[in-house]
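I have placed the structure first, in the form of structure tokens, so that the comments after it can refer back to it.
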Amino acid sequence: MSLFSIIKDCGGIHNIQRVLIPDSRIIIEIHEFELLSAEAKQQAYNLTLKQVTYQQTVIENKDEFGAQLLEIGQLISDQQRQDITPYTAPVECEFRPDWHISPPQGLLNDPNGFIYHQGQYHLFYQWYPYTCVHKDKYWAHLTSKDLVNWQWQPVALTPSDWFDSYGVFSGHAISQDDLLMLFYTGNVRIGEQRDRHTTQCLATSTDGIHFTKQGPVVPELPPGVTPHCRDPKVIRHNDRWLMLLGVQREDEIGRLAIYHSEDLKTWTFIALCGDELGDFGYMWECPDFFTLNQQDFIVIGPQGIRSPDKSHTAPHHNGIVKAQLETSGKALLSDFQPLDYGFDFYAPQSLETPDGRRIMCAWMGLPDEIDHPSADNGWVHQLTTMRELSYDNGALIQKPIKELATLRHTPIVLSKDETSFDLHSKAFELQVSMQWGSVLRLHQSESGYCEIRLDSASRRLYIDRSNTLIREGDTVREMSLAESDSVQLHIFSDTSSLEVFINEGEAVMSARVFTDKNSTQLSFDGDVQIQACWLLNKASAPFIS
């Protein structure tokens, strides 16, 4: 019996939710039982999962069977694209950002495939379009000429195939001449116990818009690793390709798995790396790799480590380690430091611009925090602003990209004799110098505000959003600063977010800040000098036109 005959017996392609092929079985998940043929109804059926199982299926021609699977996956994808069309139109919401990337509807999380290819920037992100939950992820696709104004493109990848039908999970991109290659993790769940199966997959495009799935290129797990194995980052190093994967060892310790390849299609395992960091979290997610000023760095998201900030209770962290790549491809890691000391920064990705700058953006959210006020309007989360990374005198420096200056409206002149101002907007850029013991309040009205304060005794900077509309997650973040007479802050504000660059980029703190639409005032106590202020224009909306 051919696979197409099975699909026909199961009610046709429009009745198919997904196809799974564990072991020698073929499992067809359907929408309506009544559409099954009499023969299909004789097969084992799981009422809870709505799955028909064909046992002990003999596959005589594996190449033909594989081609049929990809063809059926494409048909399912075509249907999925039709189904999500109403969800590509943005819903109105008072918390919608003016110049950050947010989803039209549904849930956004990790940025993916951030790359410069054929004269423009490409940025994808994890997206579940239907509701604000983590489920069956798609890859939304945006393009830009300037890293500020983004245009919606057709969804790049949908969860349509036997190897990714429970989610086209995160990954990176490679630009090879005219070919744009997307490496990602295919996520599959089997049975009522939801056994996880993960493979590392490839999709390619010759026009940068329409992608063809090639299937798994790393079909097996690394030795000694659980199915928590994901988020491929592919780099060119020593004249060969390396793939970095975030993994969990079988003893529930997070590590980095490294593979090598000559052709980007056949991959060989090298090693698990990171033992020198010890017991450093139960899982590492979303690796990235780049070189700054001749120093190699690897970004990891270690889950379950202890934060030096006692007010940081979430298990999810992001940071950067120095990396020493050996000729074999194995990496030695050292000197972990956070990339962001705020509330909302996870799963960052970076690219190199044509003029040689390293630019990074991240998900401005965390995996366990979904109940934001915007969810009442059917969407949740946004990406951070783009930041430029450099490495000078042994210090990582992060600054807002220069292109953001194009958003500046007429400068706002604030009186030195006043301590409270109404900007009549939440979208602004602010440069201030604060003395120890001073307090700055932003997004302020009678109903609430977000506060930045410098504690003289502890020499710590605090961001406090406890007087906002936040529903879940921590409300205070803090960090120690070096001895100085004053602290320089470069603040970028949008409708429901703040990003604070500290002391010329020595540290950054990012926060989602939800306040009512009238919360457009700023005020301060103590010695605060406002050096510059601009209202920011809207960027082009990153939605379908």
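Cβ coordinates are placed from backbone N, Cα and C, and glycine is handled just like the others.
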Worksheet item: Can you pick which of E34, E39, E285 Swiss-Prot lists for the same substrate site as L107, L108, N109, D110, Q126, F169, S170, R230, D231?
Response: E285
Response to the item:
Candidates Q126, S170 (binding-site residues); min other-Cβ count within 10 Å returns Q126
Practice prompt. Pop the Cα-Cα gap between D110 (active site) and D231 (substrate binding site) into the table, whole Å please.
Written response: 10
Discussion item. Max CA to CA distance in Å over the substrate-binding set L107, L108, N109, D110, Q126, F169, S170, R230, D231, E285?
Written reply: 20
Worksheet item: Which ones in the same chain are close to L107 (substrate binding site), with CB under 8 Å and 6+ residues apart in sequence?
Response: W127, Y128, T131, C132, V133, H134, I370, W379, V380, H381
